[in-house]
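This report refers to the structure that appears directly beneath it.
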Amino acid sequence: MKPYIIGISGISGSGKSTFAANLKTKCGDFYAGDVVIINLDGFYRSINEDDMCLVKAGEYNFDHPYAIDLDHARRCISAIADGHLVAVPIYDFEKKKCVGHYEVNNPRVVIVEGIHALHPKLFPLYDITAFLEVPMSVALSRRAVRDNKERGRTPEDTAEMFRKFVLPMYKLHVEPNVKKAAILVNGLNTGVHINMLYEHIKPLLIYPRF
């Protein structure tokens, strides 16, 4: 059975992870094991000693596509599509390296989410794609809350990272993908599109897609 693969992109802080989680929740507990979320953050490259100096100086660009091993991500998603048991990496942002894996085995629906989810290396793998749009002020505010909670950064640090890396990389590498997305989602009101996607994939959960 070939899984149905959904790609979800948008600027950092647009609500991609929440959108993916809410879509999976919408599918209900009965089908929870048939719906898998793959966060591309898991494919961040482990930081070597030389790059660690850049990280400590606030000069390492985590928002550039190269920071994520997109080739590895493509191989994993392709293998899942082909029905193989796949070990998906888990990245630790504190240690700046891969710290383990979790197994994905024969899901019916795969939700791939990340800022570079619609990168040309990954785009051909999807059956449908969505792009979340929010005002930049909202994206920055959400990013500041997450960075403070998960990474101990001050709002000032987050604002500087946003100005230096997030926004330029978004304009250069992420925003151009908007025109390729099948669905544009208002990141401030996602309920309509969650319901729409759910109705789209519900038959796939009931009847296998060969």
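In case you wondered, yes, glycine gets a Cβ from its N, Cα and C as well.
As annotated by Swiss-Prot, ATP binding site applies to Gly10, Ile11, Ser12, Gly13, Ser14, Gly15, Lys16, Ser17, Thr18, with the evidence given as similarity to another entry. A strand conformation is recorded for Gly10 (ATP binding site) in the three-state DSSP classification. Neighbour count (other Cβ atoms within 10 Å of the Cβ, all protein chains): 29 for Gly10 (ATP binding site).
Reduced to three states, the DSSP call for Asp41 (active site) is helix. Note: Asp41 (active site) has non-local neighbours Ile68, Tyr91, Phe93, Gly114, i.e. same-chain residues 6+ apart with C-beta under 8 A of its own C-beta. Annotation comment: Swiss-Prot describes Asp41 as active site, evidence class experimental evidence.
Sequence-ordered, the extra residues of this chain that approach the ATP site, with Cβ no more than 8 Å from the Cβ center of Gly10, Ile11, Ser12, Gly13, Ser14, Gly15, Lys16, Ser17, Thr18, are Phe19, Ile115, Leu132, Val134, Ala139, Arg142, Gly187. Thr18 (ATP binding site) has a Cβ environment of 14 other Cβ atoms inside 10 Å.
For the binding-site residues Ser12, Ser14, the ranking by surrounding Cβ atoms (within 10 Å, all protein chains) places Ser14 first.
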